[in-house]
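Chemist: If you look up Swiss-Prot, you'll see Ser473 marked as active site, proton acceptor. According to Swiss-Prot, the feature Mg(2+) binding site maps to Asp80, Asp122, Lys123, Glu447, an assignment based on sequence analysis. Per Swiss-Prot, the feature [2Fe-2S] cluster binding site maps to Cys121, Cys194; the stated evidence is sequence analysis. Look at Swiss-Prot and you will find Lys123 tagged as N6-carboxylysine, backed by sequence analysis.
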Amino acid sequence: MRSDKIKLGFDKAPHRSLLKATGAIQSDEDFQKPFIGIANSYIDIIPGHVHLHDFAKRIKEAVRKAGGIPFEFNTIGVDDGIAMGHIGMRYSLASRELIADAVETVVGAHWLDAMICIPNCDKIVPGMMMAAVRLDIPTIFISGGPMKVGVMADGEKVDLISVFEGVGEYSSGKIDDARLKELENNGCPTCGSCSGMFTANSMNCLAEALGLALPGNGTILAVDPKREALAEAAAKQIMTLVEKDIKPSDLLSRESFLNAFALDLAMGGSTNTILHTLAIANEAGINFDLAELNTLAAKTPYICKVSPATKNVHIEDVDRAGGISAILKELSKLDGVLDLSRPTVTGKTLGENIADAEVKDKAVIHSVEDPYSATGGLAVLFGNLAPQGCVVKTGAVDPKMMQHTGPARIYESQDEAISGILKGDVQAGEVVVIRYEGPKGGPGMPEMLAPTSTIMGQGLGDKVALITDGRFSGGTRGACIGHVSPEAAERGPIAALQNGDKITIDIPNKRIAVDLSDEEIEARLKALPPFEPKIKRGYLARYSQMVTSAGSGAVLKSFD
């Protein structure tokens, strides 16, 4: 066992003495058992994580009962909703790298034999996945589970996005104080990751397709007793993975990631999933061209529409309808979409995992013969405005905005944009541009949920497009195009735009362009002053210097 390095031999007496002091070692026989790291992410200020302290206790008990010795440690976390709309959001994406490094550090320093990862919300899931791939020890993921949907007094279903959009409705006089307060009080009714197909839930669902989690990981509610049963099953299964030495490198391949992308396209997951999946694949030494996603999308139908793409279906409905296994089972009817032979943490192949799955509600999970659209719910656009690509959640775009041409309204930051939108500056037909908010420029590529929700709340969702080198919340809906690469801080073409420039967005044909010649773009870029970092000390200053583009997953530069 790996852990023998810290526990066996006469020279390890000091190590054993320290280990006995933890209370985890109850007898000398325990030194003959595998040491299992419990990578938890309990934190009081994130509703998706407030229950993970007790959740981890149950997992530790199950590990010990199964013959392992559990050692729990915690990572940091950022709640994207609470960090939204102010400087705090700059820390969100950057926290992913800290989490990956922190998990690597604890496991690497203490030579743990295996790991159970307990993430839930946005950056914690991919951060732990990156660490798991990097460490390459037997690992299983068990998330904390989704939140229940909120219900208003009149029976209307609401979620966090309803509250954000309520701010826009309130600012434009569409609702009063009482309505906004009711939304506030009902949007997030329980612990768990927010109830729609937002980034956290999207990533927890993708863990099933990647083969890193047991079936049910992405959709069983945090407050459902089945979640605790799944956690106990994961604790038992980690011992099997240790016994058979099944590691992430045995499970993850290019085909595994394509399976995850196919699921993402079929359920219209968050655009952030592209960023994170690229980063996880990078850790595995697997590189993807963003154009590959469009090729896959062309043969992957969009069959499960969940909030924010619709207001009446949430993650709990997907679970009731058969869960991720049912979506994958439906996709398996199509040739060339899934590789069902890929191994998973269950000890079975993906195909074996979903063999008995069935769609229990066809209003929630459509058949491949009757999709919402014949192509996937995400797309990558290319053109002279985004030579390296940009992404859009097509499943959440109003049909009227799938093709749009309009004048640019430029904002140099998210704060400037929010102020302008709230003042009523944005007019129907315009293309709002928010720049210098990319991985380097932000820094941290902040999410744009506040401006997009305000636009929706003001009734402009089918009249205005928004493009940015930043990114969007998984809860964003509308013609919102993010991850524009290269970013403005790297002298990307988005930095050359001026108010009134004509921008054309053509989602069906995967194109985005500004009506300027290459020569004009180049001349404007040459005339710009050097980029001046917004933050010059601390972690974000270092992050800004080391981060790469969104097109490569916004990972840190390699020094290999």
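Glycine too: its Cβ is placed from the backbone N, Cα and C atoms.
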Chemist: Helix, strand or coil at Asp80 (Mg(2+) binding site), per DSSP?
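Modeler: Reduced to three states, the DSSP call for Asp80 (Mg(2+) binding site) is helix.
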Chemist: For the residue listed as 'active site, proton acceptor', which of these binding-site residues sit within 10 Å, Cα to Cα: Cys121, Lys123, Cys194?
Modeler: none
Chemist: Can you grab the distance from Cys121 ([2Fe-2S] cluster binding site) over to Asp80 (Mg(2+) binding site)? Cα atoms, rounded to a whole Å.
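Modeler: Computed Cα spacing between Cys121 ([2Fe-2S] cluster binding site) and Asp80 (Mg(2+) binding site) is 9 Å.
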Chemist: Other residues near the Mg(2+) site, CB within 8 A of the CB centroid of Asp80, Asp122, Lys123, Glu447?
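Modeler: For the Mg(2+) site the neighbour list reads Val78, Ala83, Met89, Ser92, Leu93, Cys121, Thr199, Ala200, Asn272, Ser473.
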Chemist: Do me a favour and check the Cα-Cα span between Lys123 (Mg(2+) binding site) and Cys194 ([2Fe-2S] cluster binding site); whole Å is fine.
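Modeler: That comes out at 14 Å between the alpha carbons.
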Chemist: Taking only the Cα atoms, work out how far Asp80 (Mg(2+) binding site) lies from Cys194 ([2Fe-2S] cluster binding site), in Å, as a whole number.
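Modeler: For Asp80 (Mg(2+) binding site) versus Cys194 ([2Fe-2S] cluster binding site), the Cα atoms are 11 Å apart.
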Chemist: When you tally the Cβ atoms that lie within 10 Å of each candidate's Cβ, which of the binding-site residues (Asp80, Asp122, Glu447) has the highest tally?
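Modeler: In terms of Cβ crowding, the pick is Asp122.
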Chemist: For Glu447 (Mg(2+) binding site), name the DSSP secondary structure in the helix/strand/coil scheme.
Modeler: strand
Chemist: Under 8 Å Cβ to Cβ from Cys194 ([2Fe-2S] cluster binding site), same chain, six or more residues apart: give me those in sequence order, or none if nothing qualifies.
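Modeler: Gly48, Gly81, Pro146, Met147, Asp159, Leu160, Cys188, Ala200, Asn201, Gly475 - these are the non-local Cβ neighbours of Cys194 ([2Fe-2S] cluster binding site), listed in sequence order.
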